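Participant: So TrEMBL says this about it:
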REGION    15-51  region 'Disordered'
DOMAIN    141-209  domain 'K Homology'
DOMAIN    213-281  domain 'K Homology'
DOMAIN    285-353  domain 'K Homology'
DOMAIN    354-420  domain 'K Homology'
DOMAIN    425-493  domain 'K Homology'
DOMAIN    497-566  domain 'K Homology'
DOMAIN    571-639  domain 'K Homology'
DOMAIN    802-870  domain 'K Homology'
DOMAIN    882-951  domain 'K Homology'
DOMAIN    955-1024  domain 'K Homology'
REGION    1044-1085  region 'Disordered'
Amino acid sequence: MSSVAVLTQESFNEHRSGLVAEQAGDEEAPAYKDAFPPLPEKAASPEGTQEPVNAWTSKIRPLKSSVITQVFHVPLEERKYKDINQFGEGDQAKVCVDIMHKTGAHLELSMAKDQGLSIMVSGKLDAVMKARKEIVSRLQTQASATVAIPKEHHRFVIGKNGEKLQELELKTATKIQIPRPDDPSNHIKISGTKEGLEKAKHEILLISAEQDKRAVERVNIDKVFHPFITGAYNKLVADMMQETGARINVPPPSVNKTEIVITGEKEQVALAVAMIKKIYEGKKNATTIAVEVKKSQHKYVIGPKGNTLQEILEKTGVSVEIPPPDSNSETVILRGEPDRLGQALTEVYAKANSYTVSSVVAPSWLHRFIIGKKGQNLAKITQQMPKVHIEFTEGEDKITLEGPTKDMQMVQSQMEAIVTDLVSRMDYMEISVDPRFHRHLIGKGGANINRIKDLHKVSVRIPPDNEKSHLIRIEGDPQGVQEASKELLELASRMENERTKDLIIEQRFHRAIIGQKGEKIKDVRDKFPEVIINFPDPAAKSDIVQLRGPRNEVEKCSKFMAKMVADMVENGFFLSVPIFKQFHKNIIGKGGANIKKIREETNTRIDLPAENSNSEMIVITGKKENCEAARIRILSIQKELVLRDIADEYGGVMVSFPRSGANSDKVTLKGAKDCVEAAKKRMLEIIEDLVSSQGFTNLFMTDFPREAYPKRAVLLIPLPCKSFRFLLFQLPGSFSNQPPGFFFPSSPAEAAVQENGEANGEMVEEPAAPVDPTAPRKCDVIVLSGRKERCEAAVEALKALVPVTTEVEVPFELHRYIIGQKGSGIRKMMDEFEVNIQVPAPELQSDIISITGLANHLDRAKEGLLERVKELTAEQEDRSLRSFKLTITVDPKYHPKIIGRKGAIITNIRTEHDVNIQFPDKNDDNQDQITITGYEHKATAARDAIQAIVDELEEMISEDITLDARVHARIIGARGKGIRKIMDEFKVDLRFPQPGAADPNQVFVTGRPELVDEAIDHLLNLEEEYVSTLGGRERGSSKGFVVREAPWQTGSEKAPDMSSSEDFPSFGAPVAATNKASPWGPKRF
């Protein structure tokens, strides 16, 4: 049989109240020899005699080993494996090895004479118990049984975190299966050996029988009578719990429940119910009176944390009922004895009128000046009158004051004085500025606006971008406000007049415009100081030069730079002159004298082909008239050399060409007949070679006699003159050997010169003809000269280089995304596809984007642009889908629970469902609305997750218990570690009273009903443990330890001196030898 020690409620109450200590104090003190028995003598006992047994020897117990050994016997009929031939091997051996691995215990098997199995298990206690359970379940045949106990007792069999159930299974070596909470069955199934089954059934029935002794009673009493049952500051209900030993749970005022729950032993519960009903019967016919009190004064009647109501209840015994905050009613009901109602009514009016609310008129823009930096202005007032509350409401031209009536007059006068002073010396102004200039007014890192604020000693409020407001508010000293507004308007006007313009300048000119060490561009910037000139990065290979500044200055700078480029283009005119290869050295002259002289006199650059090149072309670059002069000089040298060669070769034949301007194509040869014929034949051969080199058969010989060779072939290619700049710098290098000559007219004026008869620097006579309006203009014509096959190849190459423009339709709202931040998006596409992309100005609201570039680049660019449009459309659609919003109505009291500790729960929901969840702001009218933004299905899933939490919270109950305030700190633990552990274990929420609370012992437990009960039991156990510790300390410190018949009482010895190191030596400290008698008896060392 086992004995059970029962702690009754009475003994528990006595223990808590210290009665046990007092009773112990009244008992007779123990004798000194009983309390301090003498040590055994050091000398050995005579042989054959036993050492006398005394208190020391009888109480000394040997240390227990941590390793234990137990033997278990399995009868033959209960053995699972009965094959004797396989003893020590087979499945049985494998099971034993597995058990040793799982539990860490050591198993030894032996066979008894009756074929039963004996198993010796060695190891630590917990390992042996686990091994025993495994042996019974795996080596012994199993039986099963069921035991029926009330469903509400099941949780006590399971215990906290299942610890009780595990203990039972280990203790009885059985498997216990308890029905799930949603299963209505009350049968518990047990499987194991017969012996284990009986033990397990017995233990379960004991647990159920113990719970049968407890009772739960629920009493419904109108909530208006609850204050009489709890009493002021919950003192009455605490006294009832102390007296009856039952736990009484009265719903707090904030919970709209009428049910009072009493738990404990049946007798205790019955007594508590009788006491509660008695109070109710005495108060249910109490007198009530209704009085009107302004709604604004209700909070003064309630007081902080309801303390004022408790104070009135304690003084008068009258309950004061205040309508809820969301009610418009101003009726306050007093309930109690008729003779006490008058006193209570006086208290209510006194509390209601103890505070006054008033307001001070002050423009809302002055509020922050009244408050001062970091509230320093208000701090002076609030320090003097700490009970006065000053409230500023945004957008309202008043300040609300609230506080004790006696302090209000002084505070109001001070506030009015401050407002009057500020109104007299402060002013404000609102100016309208386009929101797109706001960020420029602010400047980088707020540099501009901070400078203005500091300079003029004003405050400037620029509305955020999402407000899209034009109004900028300036507040401060009147003069400073005027100056700051003037400066801001000037900046805005300058920015409004500011223009950005892109100049298309070929990259090859950039270095020339910038100049060495930036000297030339510095001159330009000095000439136009208000214009910012930005050149592209050389690696970007961009032709766009950006000008930004005032509109007029940008236009002037643009024209100036265009003229610079035009001069560079003019100086870049070039001509190709065909000169026989053998005469190139004569053109150069000795030591380069001839070519140097021509270059200096004509101010041109003359480039000759390399000696190993087959090209005969000499290229002249410079101004057009200078190039013509250089060409004439070079051709005259060749003419002289040709005539000299003919004269030398054919006996001094003289060759005469027609005079310049004569309309004749005859060349006269003079000399010996044979020599003239030979010279004529040679000249015709030269002409034939020249004709074949041009690829044309129809050549005009008009200029041949004069120049010694006919005019080269000419091809006219009609092209828009705006395309010439592309061709000038993209001509293929396949014409390096004898390339055709190119002439690009640079302007319509130049074309006019050509129309008067000049083409490629040479005069041609053309018959007058009517102008065909459909014919291409001369400025749109490129002239090529050279061999026929090379000219045709050049034509094809030029056509391939002619830029083409195509248009792509792109929705206007996508244009800004295509351009990108500061144009980064469009620049990237232009660089990637080597095209120019023109986006229409925003004011045009056009959907057409133009792409200009080479034909073979346009397709890629168009595909890239359309692909980008597709991406942006998809992003826009996705953004639209992600912007789905729904709201869920949740009581604000649940918001902290949904958010979780440090936002853990709401962050998890946001991450899991990829949504944004917005809780209402403090000033929001709809405090119960939670907004979820994201994809519709994900927002719905997030809403369901939140609703599941709310549903679970609504199922929870809140019970308040009385815990000794002295143990609160120990239960909470260091940095809340203890209370967090309890809340995590029992899945409940605990709220301890704040300092100054009406009832410092009241603790609220919130959670699911079954978990709340478990948590309350745990808390009460902790309270009992901690209170007993506190009580032991108090009792020990009051009287100390007292003995009778001590040596210093019966003899002449003195009592030991507690301050003496000799009477009470420290451990390990040396003790000086002395012959002095000791109160402890003779020394034995």
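The backbone N, Cα and C atoms fix where each Cβ goes, and this holds for glycine too.
What's the neighbourhood like for these features in this structure?
Facilitator: For the domain 'K Homology' (141-209), residue counts in helix, strand and coil come to 37 helix, 16 strand, 16 coil, using DSSP.
On the 0 to 100 pLDDT scale, the domain 'K Homology' (285-353) averages 86 in the predicted structure.
Mapped onto DSSP helix, strand and coil, the domain 'K Homology' (425-493) counts 41 helix, 16 strand, 12 coil.
Counting residues per DSSP class in helix, strand and coil order gives 38 helix, 15 strand, 17 coil for the domain 'K Homology' (955-1024).
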Participant: Pull the DSSP breakdown for the domain 'K Homology' (802-870) and write it out as helix, strand, coil residue counts.
Facilitator: 40 helix, 15 strand, 14 coil
